[in-house]
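A quick write-up on the structure given underneath.
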Amino acid sequence: MDYLADERKKAEFDVDEMKIVWAGSRHAFEVSDRISKLVANDPGFRKDTRTMLARKELFKNTLRKAAYAWKRIHDLHLSEEEASRLRFYVDEPAYTDLHWGMFVPAIKGQGTDEQQKKWLPLAYKMQIIGCYAQTELGHGSNVQGLETTATFDPQTDEFVIHSPTLTSSKWWPGGLGKVSTHGVVYARLIINGEEHGIHGFIVQLRSLEDHLPLPGVTVGDIGMKFGNGAYNTMDNGVLRFDHVRIPRNQMLMRVSQVTRDGKYKQSDVPRQLVYGTMVYVRQTIVADASCALSRAVTIATRYSAVRRQFGSQNGGPETQVIDYKTQQNRLFPLLASAYAFKFVGEWLTWLYNDVTQRLQASDFSTLPEAHACTAGLKSLTTTATADGIEECRKLCGGHGYLCSSGLPELFAVYVPACTYEGDNTVLLLQVARFLMKTVSQLGSGKKPLGTISYMGKIEHLMQSRCTVQKAEDWLKPSQVLEAFEARAVKMAVSCAKNLSKFTNPEEGFAELSADLVEAAVAHCQLIVVSKFIDKLQQDIPGKGVKQQLEALCGIYYLYLLHKHQGDFLATSYLTPKQAALANDQLRALYTKVRPNAVALVDSFNYTDHFLGSILGCYDGNVYPKLYDAAWKDPLNDSVVPEGYHEYVRPLLKQQLHTAKL
Ligand SMILES: CCCCCCCCCCCCCCCCCCCCCCCCC/C=C/C(=O)SCCNC(=O)CCNC(=O)[C@H](O)C(C)(C)COP(=O)(O)OP(=O)(O)OC[C@H]1O[C@@H](n2cnc3c(N)ncnc32)[C@H](O)[C@@H]1OP(=O)(O)O
Ligand SMILES: Cc1cc2nc3c(=O)[nH]c(=O)nc-3n(C[C@H](O)[C@H](O)[C@H](O)COP(=O)(O)OP(=O)(O)OC[C@H]3O[C@@H](n4cnc5c(N)ncnc54)[C@H](O)[C@@H]3O)c2cc1C
């Protein structure tokens, strides 16, 4: 029985067409749909007991699943696209993520043609397994502060990789702890006593015969992490080198080279390309944020339609909690954000591919913008997604706290995204630097392009005032864009003015960093809003689909406007009356979206297996499932728990004795 059938009947749009918009294309939808069912129907990919397993058992199970996944990929002759969807629906972090997601891209991006020819075929067949070993115990954010050394020995034509201090121990790399045979290791290059900065080196860590660490290598897992199951399926590792020797040709030499006679040569490509793998992964993290958020929102929306509290009239049913305006005000902006992040993710993938093609043609002009966009959007989307998952847990009341809701594990597995691939605050400070540089160059005649082109309208934006007179005026895209542009430009200019009061710019930057982070957030929010609006300019087929997306877009920007009212009012672009009208329009859009809410989350097309949540199950039959699941908990295997006779019974006896006294 479908307990959400009435909700589904209320939908005012074509759900099948929305599924295609969400997937990106009809082809992408068909692949995703087929692979998600393949995974859901395969007992080899079960995950329902994951949060109850002890670490060793959990980890071994992940090794089994990864090997099984690899076998299925081969047996079924899956394409790269299909394999990547399979990884997504298997839904378990594993060493393979770092192998495919960072080790291979690092060699592709930073290796010479010759190096790629040697290493990539081995990596593609998984005859070697790699990790990305950059972060150390003492330094993560400050990459230039890494301490591991790679000293060139001209006698033997080798590099000597060494960990000179405890804090230089590599710490965190995923896959390193127990599985990787190789790593791209980042170290300070030293030639003839002279330092040449951080470079990547391919280093073999374990024997390909018996998996033992090679001489001079000390390696292990760093221990349990936050949450049950969650990221504990990953072997994040610690690694030390004691004068480990590797041939000279294992330094990744696309960006710079060391010759046989020990000369250091820089190519004409910018040195920042050494950071290229991080830019690539930040872009994939943005594309993934909408998936994690949409998953949590699916659970909270379906459950909010099932759950009833208060409001019964004449013995009739109580009110569905989704009908409370407070619930809508917490839930619908998250639903809208999931769609917003999907579209900005698609755009960022386009930007990344564009910059990659330009780099191949030696055009480095868009690299700073690509860095700022990937860094800023990674920060914005992961912060909002992690906060959003936790909000969805609260939206589900007490039941959201049960592991069987799927939300605790989803949160635990997602939240490190705010830290890895660059701490979110550190990344926003990179965006702020880019903004300050842009503002300082405005007078030079250099035209700002791409996502900062709005800075070219600075004179107009500094003086313009909002023209909204009635709530519906807030539905005009041009009006909204101008509001977000004016806010972003004014916040950036205000920071720049304050910075100019400092004689030492670095001191000023440090002192004003909290304001700079806010200006960076305003800029990134403008990007997300503008990409959502751009998406709506496209031809979007399907009955009512575009109208729903327009409503969600409105909710996204009006919610931001309401939440950051202070910014908009402080920059005098808006009057308090206009801000209040924005809020009226926001409430009207909630009413519009309400009958479509369940269908809008159905459009994500998630299987019950993938959701892993009783509260979010498709048929909404929540209570019997929760009740049955409780009895399956190992604690209920026996009526009297283990430990009762040892620890509880004596207490009870003691109480009897005390009572007698
Ligand atoms: C069980 C199931 C298994 C299923 C199995 C299936 C198997 C088969 C599947 C087959 C195929 C499937 C494919 C699947 C793929 C999976 C995908 C998974 C994705 C990956 C998962 C992600 C997991 C994440 C793990 C985490 C990894 C990490 O965290 S790695 C470490 C990251 N570290 C950081 O991010 C550090 C942050 N710090 C920095 O980036 C920098 O130090 C800094 C930017 C903060 C400062 O740098 P620096 O001091 O050097 O710079 P300055 O501030 O001085 O700036 C100098 C100038 O350089 C500019 N700049 C800085 N950075 C960059 C840059 N990156 N690019 C360009 N420019 C840059 C800066 O702006 C300055 O410019 P100006 O001089 O001002 O102009
Ligand atoms: C689950 C997980 C997986 C990971 N996988 C890998 C991996 O595969 N390979 C790898 O190499 N690394 C990996 N990492 C490491 C990760 O990249 C780093 O933890 C991350 O870059 C943050 O660096 P940090 O730990 O040094 O934080 P820190 O920089 O020490 O941050 C601590 C605090 O200081 C603040 N801070 C730091 N610098 C500044 C500044 N300049 N201005 C203002 N505030 C500042 C931060 O905002 C933060 O609040 C992983 C980490 C995690 C959690």
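Cβ from N, Cα, C; glycine included.
TrEMBL annotations:
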ACT_SITE  GLU421  active site, proton acceptor
BINDING   THR135, GLY174  FAD binding site
DOMAIN    14-129  domain 'Acyl-coenzyme A oxidase N-terminal'
DOMAIN    275-436  domain 'Acyl-CoA oxidase C-alpha1'
DOMAIN    477-653  domain 'Acyl-CoA oxidase C-terminal'
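Distribution of TrEMBL features across the structure.
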{"residue": "THR135", "record": "FAD binding site", "DSSP (3 states)": "coil"}
{"residue": "GLY174", "record": "FAD binding site", "DSSP (3 states)": "coil"}
{"residue": "GLU421", "record": "active site, proton acceptor", "DSSP (3 states)": "coil"}
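Residue density at GLY174 (FAD binding site): 25 other Cβ atoms are found within 10 A of its Cβ, drawing on all protein chains shown.
Across the domain 'Acyl-coenzyme A oxidase N-terminal' (14-129), DSSP assigns 90 helix, 0 strand, 26 coil. Residues within less than 8 Å, Cβ to Cβ, of THR135 (FAD binding site) and separated from it by at least 6 positions along the same chain comprise LYS170, TRP171, TRP172, PRO173. On a Cα basis, GLY174 (FAD binding site) lies 12 Å away from the residue listed as 'active site, proton acceptor'.
Predicted-model confidence for the domain 'Acyl-CoA oxidase C-alpha1' (275-436) is 97, expressed as mean pLDDT. Counted within 10 Å of its Cβ, the other Cβ atoms near GLU421 (active site, proton acceptor) come to 24, all protein chains included.
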